[in-house]
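Peer 1: Feature annotation from TrEMBL assigns transmembrane segment to 49-70, 90-110. Annotation comment: TrEMBL describes 108-396 as domain 'FAE'. The feature active site is assigned by TrEMBL to Cys252, His331, His417, His421, His450, Asn454. Per TrEMBL, domain 'Beta-ketoacyl-[acyl-carrier-protein] synthase III C-terminal' is recorded for 416-496.
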Amino acid sequence: MSGESATASATPVGGGGGGVGGIQIHPQSRTRLPDFLQSVNLKHVKLGYHYLVSHLLTLCLIPLMAVIVIEATQLNPDDIRQLWLHLQYNLVSVIVCSTFLVFGITVYVMTRPRSIFLVDYACYKPSAELQVKYTQFMEHSRLTGDFDESSLEFQRKILERSGLGEETYVPEAMHFIPPRPSMQAAREEAEQVMFGALDNLFANTNVKPKDIGILVVNCSLFNPTPSLSAMIVNKYKLRGNILSYNLGGMGCSAGVISVGLAKDLLQVHRNTYAVVVSTENITQNWYFGNKKSMLIPNCLFRVGGAAILLSNKSKDRRRSKYKLVHVVRTHKGADDKAFKCVYQEQDDAGKTGVSLSKDLMAIAGEALKTNITTLGPLVLPISEQLLFFVTLIAKKTLFSGKKLKPYIPDFKLAFDHFCIHAGGRAVIDELEKNLQLLPEHVEASRMTLHRFGNTSSSSIWYELAYTEAKGRMGKGNRVWQIAFGSGFKCNSAVWEATRNVKPSVTNPWDDCIDRYPVQSVFEMSSSGGKE
């Protein structure tokens, strides 16, 4: 079936519940990410430079101290003796200088941000009996009796173009005919995922649950009472004064939000551990209707979750895998279209699902543009920043009204590895194009989508695990995790490897990494997924 002869087709570009997705009814009107070369907003650059200026004191003190040290090394014994004699007769000056020096050091020590280390993390790998193949997925969808022929055909096309493989996982309740999406089944899915990831995390790090001082859990669509964080406290008998938080409804970018919250809490509470658990629950959120804008999540979302151990203890520096460098968050919720582009609602038949707007890709592009323009001044080399800033000013002043393309910085100079949320094949394609990345830069995202599907907020951790399993993470390497979420949000986290990172014993790619990358996934991307 060619694009020209098609009368109706679907292009999956992400998932509901905070993923990035959209529907294509006519190929001629395909919605794509906006071309970043055409428009960059100056106010977003100012935000990034604001972060830079906020650390100006540290940037000024470092070269000043360097100059003092260099001058001191050039003094000969006579110079030192003369200086000592001079100070003996200027006691007031010595006291004043010493006071200022002690005050400055104290202010610096008290106000400098504490280093946050990622000790280790663990991704949940479901049992093999929960895997679902294309044919099995379609047969079960047909046998439920809830979908008409048009909806079944729509789902078939979504699956063929999705980039998912034949080994992704759906919850146990969805393997029954008819499916059994009960509250009890949803709780069991949550327990299997969260406890499975946490068991591996505690085993990998030898950290006792009682040592955890902060717990942050994010799950967008399943928020029972007691909360998911309370379930973890009860399971592992965490201490009574633990700071626990449960984030709901924040979509696929909530994993980065949870890391940001844990980071802020670790700045305040000294010498402690924080655990972040990122997951999504499918059991009670499967859509059984025929509205096409709500069918895409069924085809893309799969079971998955991750648990991350963060520390502000200086003794953990040596054994940690990464150091947290930046967290940059962008929220477009003030705009009505952005707010409703990923929206949980009921269809005309009263069936609940997550609806994806046709404007989703454009909104995601605007959120991404804001985020990376803010992030740029924090991570890019000075040369790239100058080229970008000069061309931007020229466009706004000297060549206003003329079509002068701004210089788009090369983020490959700032990052060694990219973990782009595996929301769907098309969104990875568009980010690869607009950020001018190479196939190897998006390999982890494509292979994660193929092997595990869209696991929502935890997908960026499966991607990081893929890079480690391939043996590509060296000391000093920088990693950019970027994810989209309902609301609409685009969030970034930047990590720096503190050592040559080897995969953990429980790495989810351990038994299949030799089979990847799958060449057919790259071929599908290059051909645009056409039949």
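Numbers run from 1 along the shown chain.
Every residue gets a Cβ built from N, Cα and C, even glycine.
Tell me about the setting of these features in this model.
Peer 2: Annotation for His331 (active site): spatial neighbours Gly487, Phe488, Lys489, criterion Cβ-Cβ under 8 Å with sequence separation of six or more.
The average pLDDT computed over the domain 'Beta-ketoacyl-[acyl-carrier-protein] synthase III C-terminal' (416-496) stands at 95.
Counting only residues at least six positions away in the same chain, the Cβ atoms of His441, Ala444, Leu464, Thr467, Arg472, Met473, Asn477, Arg478, Val479, Trp480 sit under 8 Å from the Cβ of His417 (active site).
Neighbour count (other Cβ atoms within 10 Å of the Cβ, all protein chains): 23 for His450 (active site).
Over all protein chains present, the Cβ of Asn454 (active site) has 35 other Cβ atoms lying within 10 Å.
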Peer 1: Within 10 angstroms of the C-beta of His421 (active site), what count of other C-beta atoms is obtained when all protein chains are considered?
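Peer 2: A count of 36.
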